[in-house]
Amino acid sequence: IMKEKRKMKEKGEEQKKKGITKEKRTKEKGKNERKENNERKKKKAKERKKKEMEKRGKKENQNESPSKNSNKSQEKIQEKSKRKFKTKKTKIQSKAQEKVQAKSQKI
């Protein structure tokens, strides 16, 4: 028991020389614990997301065949691109009309 106490004292003295205090050790412990907790939370969240995606995938596949799902997604993408094109087209047309009106007003 006495030998262990001496070892502990020597260890404490060495750490004091290095500038490591009890406060620093506790801070480091706290930081490490927080990091570990955050990592665990992130892993759990990823697992939850995976499970949800799997469930969603199964539900979609139960209702319709996967080929239909892929076709639907392609159709959605095409619709979005059409919408974007339409908005661009209308913007260009409106700008052109404004220019024409401005010219007619000047004349």
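Cβ from N, Cα, C; glycine included.
Taken straight from TrEMBL:
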REGION    1-107  region 'Disordered'
COMPBIAS  10-39  compositional bias 'Basic and acidic residues'
COMPBIAS  40-49  compositional bias 'Basic residues'
COMPBIAS  50-62  compositional bias 'Basic and acidic residues'
COMPBIAS  63-72  compositional bias 'Polar residues'
COMPBIAS  81-92  compositional bias 'Basic residues'
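Residue counts for the compositional bias 'Basic residues' (40-49) under DSSP (helix as H, G, I; strand as E, B; rest coil) come to 10 helix, 0 strand, 0 coil. Secondary structure of the compositional bias 'Basic and acidic residues' (10-39), assigned with DSSP and counted as helix (H, G, I), strand (E, B) and coil, comes to 27 helix, 0 strand, 3 coil.
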